[in-house]
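Peer 1: There's a structure below that I have some questions on.
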Amino acid sequence: MEYASGAGMNTTKRCLLGTREDILSEIKSWIGSTGDDVPRVLWLSGTAGKGKSAIAHTIANWANEVGCLGACFCFDRTRIADRRHEKIFTTIARNLADCDPLIRRALARVVHDNSDLRHTSDITRQWRELLVGPIRVASTAVDAPVLIVIDALDESGDRKSREQILRLLASQLNDLPANFRVIITSRPLEDIYKYLKTASHIRHLSMDAIPPESTSSDIQRYVCDKLVALGDVFKDAHFQALAQKSDGLFEWARLACEYIDGTNMIGWGPMRRFDVVIGKAAVDKRPLKGTHLLDEMYQRILGEIIPDEDAIPLFQSVMGQILASREPLPKAALTSMRQRFPQADSDYNVDDVIRPMGSLMTGTVDSQIPIRPLHSSFYDFLTDKSRSDKFFIDVSGVENDLALASLRVMEHELRFNICSLESSYLPNSTVHDLDKRVKDSISTTLSYSCQFWGTHVGATSFEQSLATEVAAFFDNERLLFWIEALGLLRSFGSVAQSLICISDWCSGSAECARISDAAQDALRFVRMFGVAILHSTPHLYLSALPFAPKQSGVFRKFAAKFPCTPQVVAGHVLKWPALEKTIRMHDQVQSVAISPDGKRIAGGSVGGDIQVWDMETGETLGAPLRGHIATVCSLAISPDGKYIVSGSEDRTIRMWDAETGEALRAPLRGHTGEVYSVKFSSDGKRIVSGSQDATIRQWDVETGNAFGAPLKGHTKGVVSVAISSDGQRIVSGSHDNTIHMWNAHTGQAFGAPLLGHECTVCSVAISPDGKRIVSGSGDTTIRMWDAETGKALGVPLQGHSYFVYSVAISSDGKRIVSSSEDQTIRVWDMETGQAVGTPLQGHTALICSVTISPDGKHIVSGAADSTVRVWDALPVEIDEASGPPTQGHTEPVFSVAISSDDKRIVSTSMDCTIRVWDIETGKALNAPLQGHSDYVYSVAISSDGKRIVFGSADNTIRVWDAETGEAVGAPLRGHTDAIPSVAISLDGKRILSGSDDTTIRAWDMETGEALGVPLRGHTSAVRSVVISSDGKHIVSGSGDSTVRVWDAKSGNAVGAPLRGHTDQVLSVAISPDGKYIVSGSGDLTIRRWNVETGKELGAPLRGHTNRLASVAISPDGRRIVSVSLDDIIRIWDADSGEALGAPLRGHTGPVSSVAISPKGKWIVSGSFDNSIRVWDFESLYKDYHFTATKKICFSPNLTYALCSQSAFSRLEDSCTPASLGPSEEGWVIGPEGRLLFWIPTSLYPAMHVPGNKLVISNDASELDLSRFAHGTSWEMCRERDVVSSSS
């Protein structure tokens, strides 16, 4: 888990014994108090120098001694770069776990079950899942007080860094058991005061409210202790004078004592120094108080340290470096950095400045201790010119020097394989001494430079000399070495942060557009391959670099320098895809929204949950928002980003706190039908909603009350609403096919309804200038309208082939984005109505919702495939594979069949085409067969190979001549619903069809006539039907979870239904000898049945993790092959039911259909990844061990087989080449978990894998591994000559 090192208790900061006794006693008493009315939190506030931290650390130390300290967490302004605010509750959780074995066990379980919690920066999730959850488990066994101390919250960074922490502390503390106590210390900053002062469960103690005279005795005791060695010089009266002068500021008292006890100069003994300190009592006759008192002391100390004004530039230069550094550095590192400064002041000696500043800075003596101000008030003093005058430090003036120094440090110290990792087979986590290697190999200076060079560049104004060095960085291999180092440092977030800073730095300068492009390219590289690089560092070079798009900057510049890596020899992607990331949700996604700052995505599901994700990382932010009991149809986020509003099929509208995920007030009720659409007004004061009840309502955000009467006019449900940016107009789209415009204040309709759509108006949007309305409809079109006149503008935008469910307009009003049931997203030019670029493809189900980020750079979509996807909004062209396309399907493959001569494959697809392929070459044998008006779900080939039969969603069956590709006769009609399954009798005379209308029908192949009456008995859709080889039995599987056997001649049921499955039966097969049946079900099992007795044979076959889509039996009856929506293929022994070998991996989407060639030589599988794969069945199940002749090859060309294979897979390893398809995470893993390489399946969805004879796909890719340096030879990937020894 993430842990903030150095943020714990510091015993050196304790109060002097005998001081602060009253307030310490009060706090201890509060900690020990019991009762439900005792506040859980104590907020100790006070201005700088009052001694808040001393009290916090004293209490923490006391609690530790008495055994009630749970955790102490301290913020530090000089460690803002550590992002401690993102690690606060992971650190506290770990500390609590160290104290309590019950919490430790509970925390271990939580992390084990949800590993991404280890590194989440979402503190709401940290709070709920890592802190509150485990604490509750242990709370029943622990009733003694448990203390958590949070010190210096005001030093967390800017307001945003602590906003979520404050929200949680102010509203969620009651989640903790009653015996928990939390102490918070901070300055009384406005944002902290707002949250903590008004909360009823928080007790506030202000040190500023304590009269100085009441602390005078404590300070006098402190002064007496500090100056005890000067007891012969000072008396009690002197100590009392200092205490009175301090104005209650312990920090001033400390500085005064340091000054008085300082090194004597001639004529400047302790008493004279005392007189000077006491003598400076007022300015303009007003006593110095608070900050002014501290400022005078800082001025005096610095004036004595730097008596010569000529030395001030030296002081400003060195102190500027210290204060501008994003994290404190020790003296040696500061000196090393200065040696890379471009100016003459690089010669300034750090020690000359730091050595005499022991009273103000840490690390002045020990060169290994980071140097930083002892107190935050000194930093404030130096960086405020009105306070520090000639000692003022302009931090911004040092940024350029630090940027250049960092670049030069990296130039000299970065190198390939910096930690000398011996093997590419190992994850970083298994390199036992990796931490030591990192510490020994990456100096403090290099670590700092790698993490913060981009931040320093971004903080400077543009300079050509700096731009030249930045450009050189991106053109050199050290870009890769930098990524390598940060991966090893586990500081990968710094990569993205630096690259974004560089891109922003260049945004205003046309002359450095090339640098911006390089930074964006590197950012895409890191986002795509970061997971693999972090998992195993060598794969930056072995997996990330070779698989980067061919035209990407990273590949063009560096791939040739690493020749002995996997080479993509076919299907190498040319450009970065539009799809940047895929986020998976547990249920179908119905609606998406983006926060106004573009940093968060919210998604609403069919199940009623709402989830929020980080736009940059895709990481979940907090637990799901739960409250709705039906589909969340619509989401919106308020303009200030604070609230989420949701509309649901449960007829309610809910408001949520966007940060905490808490529901705000009771649901808004009033609609009598499902709430289809919700929107915020631009001022954030109103919510507009549209409902199935045909009305539109407006609601007050503050009170939750409805504004006025509902807006009525539509005759059917209101599916979508929008409100203009000026808040004057509401636009609504309805199931009545019309669009209405309304006055938002009076509720009156503007003019007549807008007519033109021929189906439901699913979505409406208003342009930012309020002049245009855009609508998307079930009639597949998008229309634009003049918002003033209501007239249609131009012709409808056409391109989608099914319902247009969602439209959105970019913030600049230049682009329209639409999503459809056809699984595509399209971008249109608002002015011309022309499509921009090509459709965005990737979703595998209807896309319910689409939106555009406020900066116009990203499109976010949510779909029924349970994913949210983030796309690059810039127009993209189709990434063409190198070499000629294979004319594969462009949509998911539904069904495959093989001809009896093993020469042809026939397939059907969601692209509404039927194709015939040569099984040897993968080439299409003729033009696509077309004729059905809807999806073609199923296919069968006659045993003589002359006829092909198809069943379609258009309720018809068609027969085609396999040779000519011509339709034979008219469509066979009779079913009243879709036909998911067809079969042909072995003699070729009969066609069997199973339909969603619950019946089975038989047809005469020659005449097309129906044979007899439909077979009835199933109570739900017939999903699969087969006929025995002797023609005597028909077997069917149904959505009613049963298998039925029928007498093929009479049509009568044979025996009772076969029961055992607990979900729909999606596929059935019957053995060649007709003796047993195999069925695959949505319950994840395969069952075997005796045809004669109807009894189940043995136990169910288990192994798949998602629904079974298709099963097949080998011609010899000895093997069963199954495919599933879990993307994998399994082979089973038909007698024993044992799985044979490892699952076959290669498909990157659900596998929908499988067939075994009549001669038993090939397995053919079709998938929702749009591909068809041909597998060598004979070799797959005959030998489950490697032999000298078994090559690991990711290409049909065996000369591309893996070199040095024996190093990766020894003969005794129980593993087959066919098991080496990429895992769900993309890794090709061998015996003992050896990592061979990682394939980004989103870039290469149809990679040829071992065991494949052929891959038929527009995206088919192949690898040449013949020179691949792997394992202990991996460092040779950078060399041009690798000894290739195939094994």
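Any Cβ shown, glycine's included, is placed from N, Cα and C.
Caution: TrEMBL annotation is automatic and unverified by curators.
Not my notes, these are from TrEMBL:
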type   : residues  : note
DOMAIN : 18-187    : domain 'Nephrocystin 3-like N-terminal'
REPEAT : 582-623   : repeat 'WD'
REPEAT : 625-666   : repeat 'WD'
REPEAT : 711-752   : repeat 'WD'
REPEAT : 754-795   : repeat 'WD'
REPEAT : 797-838   : repeat 'WD'
REPEAT : 886-927   : repeat 'WD'
REPEAT : 929-970   : repeat 'WD'
REPEAT : 972-1013  : repeat 'WD'
REPEAT : 1015-1056 : repeat 'WD'
REPEAT : 1058-1099 : repeat 'WD'
REPEAT : 1101-1142 : repeat 'WD'
REPEAT : 1144-1179 : repeat 'WD'
Peer 1: Can you break down the repeat 'WD' (929-970) into helix, strand and coil residue counts using DSSP?
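Peer 2: Helix, strand, coil within the repeat 'WD' (929-970): 0 helix, 19 strand, 23 coil.
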Peer 1: So if I exclude everything within five residues of the ends of the repeat 'WD' (582-623), which remaining residues of that chain have a CB under 8 angstroms from its CBs? That is, six or more out.
Peer 2: 116, 120-122, 124-125, 128-129, 496, 629-641, 644, 646, 648, 650, 656, 658, 660-661, 842, 845, 848-855, 857-858, 860-870, 1242
Peer 1: Under a Cβ pair cut-off of under 8 Å, which of the recorded stretches 754-795, 972-1013, 1015-1056, 1058-1099, 1144-1179 contacts the repeat 'WD' (886-927) most often?
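Peer 2: So the stretch in question is 1144-1179.
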Peer 1: How about long-range neighbours of the repeat 'WD' (929-970): same chain, 6 or more residues beyond its ends, C-beta under 8 Å?
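Peer 2: Residues 894-901, 904, 906-910, 912-916, 976-984, 986-988, 991, 993-995, 1003, 1005, 1008, 1158 contact the repeat 'WD' (929-970) from elsewhere in the chain.
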Peer 1: For the repeat 'WD' (972-1013), give me same-chain residues lying six or more residues beyond its boundaries with a C-beta closer than 8 angstroms to one of its C-beta atoms, as numbers and ranges.
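Peer 2: 934-935, 937-944, 946-947, 949-959, 1019-1027, 1029-1031, 1034, 1036, 1038, 1046, 1048, 1051.
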Peer 1: Go through the chain and flag residues at least 6 beyond the ends of the repeat 'WD' (1101-1142) whose CB is under 8 A from any CB in it; none is fine as an answer.
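Peer 2: Residues 1063, 1066-1073, 1076, 1078-1082, 1084-1088, 1148-1156, 1158-1160, 1163, 1165, 1167, 1175, 1177, 1180-1181, 1184, 1215-1216, 1218-1219, 1224.
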Peer 1: Compute the average pLDDT of the predicted model within the repeat 'WD' (1015-1056).
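Peer 2: Residues in the repeat 'WD' (1015-1056) carry a mean pLDDT of 95 in this prediction.
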Peer 1: Would you kindly list the residues that approach the repeat 'WD' (1144-1179) from elsewhere in its chain, counting only those six or more residues past its ends and only Cβ-Cβ distances under 8 Å?
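Peer 2: Sequence-distant neighbours of the repeat 'WD' (1144-1179): 844, 888-898, 900-902, 905, 907, 909, 917, 919, 922, 943, 1106, 1109-1116, 1119, 1121-1131, 1190, 1218-1223, 1241, 1245-1247, 1249, 1251-1260.
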Peer 1: When DSSP states are grouped into helix, strand and coil, how many residues of the repeat 'WD' (582-623) land in each?
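Peer 2: So the counts come to 0 helix, 21 strand, 21 coil.
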